[in-house]
Every structure is written in structure tokens, then in C-alpha cells.
Amino acid sequence: MKGTIIKGIGGFYYIKIDNSEEIIECKARGKFRHTELTPMIGDYVEISIDKNNKGAIEKIYERRSELFRPAVANVTQALVVFSFKNPDINIDLLNKFLLLCEYNNLKAIVCFNKMDLVNKEDYKDIISMIEQAGYDIIFLNAEKERNMDIIKKLIKDNVTVFCGPSGVGKSTMLNKIIGKETMITGNISEKLKRGKHTTRHSELIYVDEGLLVDTPGFSSLDINFMEKEDLLHCIPEFRDFIGECKFTGCLHHREPNCAVKKAVEEGHIHKNRYDFYIKTLEEFMNRRKKKW
């Protein structure tokens, strides 16, 4: 039988069988321990059931995409959820999430929640930066369901993951979409104005002819598994200019006659995005030096 992993808890995986409402609890075969392949939420798998009615994952089919921390496979799009206030926006963290989406070939849509707390005009430079990078933006108030109809339309025929830091309203958004309190939603700490890590586990849910993954809200994101060569291809607004640089393999850093740096000077690429790229590039280069 074949199906999709919709949940994983304590070494057990719950598989929704194709063309059926049946969900079967399985464990992964021991052979997976000897490989680098570990079952992930969203994996399309083949399973067997023994004479004792115990399920086992026999095969994991090739993944179309992978998202790490949290681990989710075969996602087609990411709703990158942030707020301008409560908690305050962290631009570097937003850029890291977008970077990870690009690395995994995920369509990223930026969702700003809690818009009732702010005046959008006060954040027009941030908004301009994101739009200039080519990302769609949706402005939300999930509690009052403002623009949640747009989110529901996006879900259809997609496998969608909610990404973003703790406390921005990812679980609230999911609750509104599916119409019940599926995940425990924590209150914001008054002292820190940051969310509690209250989402218990990752789970894939069938909603509106699509699949949703609700993921734990992390306040930091590690991208150290990437290399500087990966970084070059994960800033989409660079792509129109890369072939115009004087030097093949230009890192758009200290090289002369760099088309990307010229585009920044002329306002075609937002300076904050370029500064984030340089900061991240230098972190990668320093990490490589330490390895040697």
C-alpha cells in the first residue's frame, strides 16, 4: 500500500492511505537507520502490514522538496508569517526564511499578521524591500479573519507549510482555516512579547482540497548547512544581473565591475537585501576558514 505521512510522534508514523480515509500507524524499517534517509512529514511512502497487523515503512519515494527545522517533505509553497509588532519584526530572520524557501525551490508568500496593531505606512520600506525581491505579500488579521479567504484559496491543490517565528499567529491562522482548535495556541509573554513554544508536533492536515502542515514556531533559524555557492542562487532579485558581471563566478562582494552592485546603487535591488546577502556570505566564508 502507498500513502502520505501525515504525522510523526516518538518513532511512530501515521500514513494516510491513497484513495481512502484509512490511517495506519507504522514504524520505519531498520534499514533506514543505515542510510541518511529518515522519514519526514509529507513523505510519500510504501508500507507493508505483517500478520500481527503491524505497519512498516518499506520505501520512501523521491522528494520534490525538503524543508528543514522543522522537517517537512514535498511542500509546494510556504506561507512565511511575520508580524510588525507583538513580536517586533526581525528582518534578518525573515530573510533567512526566504533564503531557505529559495534553497528548497518553494514558492514563498509573505503574510503579515496582526495588522490591526500597526499603521502599514510606517513599514513601507520593509514592504517595498519584499515586493522588490519579487515576493507576494498578504496583510492579515487572523483573529478577525481579515483576508483569510485569500489564504484559503492559496491552499487548494498545494502542500502548504506555515513558517515564521514564535508568536506571530501561525496556529491561530490554522485554527481559523480548519474551523477548530487543532493546535494549542499560546499567549504572548508580556515581558518578552514573544510567543511560547506551544505547538506540540508537526502534522499534515487535509483542508480545502489541499494539505497543510502546522510547524513549531522557532525564534531562530540555522542555515549553516548551506554553502556560499548556494547563497548565490537564493537571492532572486540578483538573477537578472548575474550574467552581466565582468568575472565568471562573481560573488558580488569585492569584485570590480559587478552588475549586482551596480543594480544596488541604481536602486534596482534593495540595499537591505544586499546587506543581508553580504553579511550572510561573510559568515559562510568565515565558517569555511575555521574548518581549515
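One-based numbering along the chain as shown.
A Cβ is built for glycine as well, from the same backbone N, Cα and C atoms used for every other residue.
The feature domain 'CP-type G' is assigned by Swiss-Prot to 64-221, with sequence analysis given as support.
Swiss-Prot lists N113, K114, M115, D116, G164, P165, S166, G167, V168, G169, K170, S171, T172 with the feature GTP binding site. Non-local neighbourhood of M115 (GTP binding site): F84, F139, L140, N141, R146, each in the same chain, at least six residues away, with C-beta under 8 Å from its C-beta. According to DSSP, M115 (GTP binding site) is assigned to a helical segment.
The Zn(2+) binding site annotation in Swiss-Prot covers C245, C250, H252, C258 and is backed by sequence analysis. Counting only same-chain residues at least 6 apart in sequence, those with a Cβ under 8 Å from the Cβ of C250 (Zn(2+) binding site) are I242, C258, V260.
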- Query: If you count Cβ atoms within 10 Å of each one, which of the binding-site residues V168, C245, C258 comes out on top?
  - Reply: V168
- Note on the structure: Candidates N113, S166, T172 (binding-site residues); min other-Cβ count within 10 Å returns T172
- Among the binding-site residues G164, K170, H252, which residue has its Cβ surrounded by the fewest other Cβ atoms within 10 Å? H252
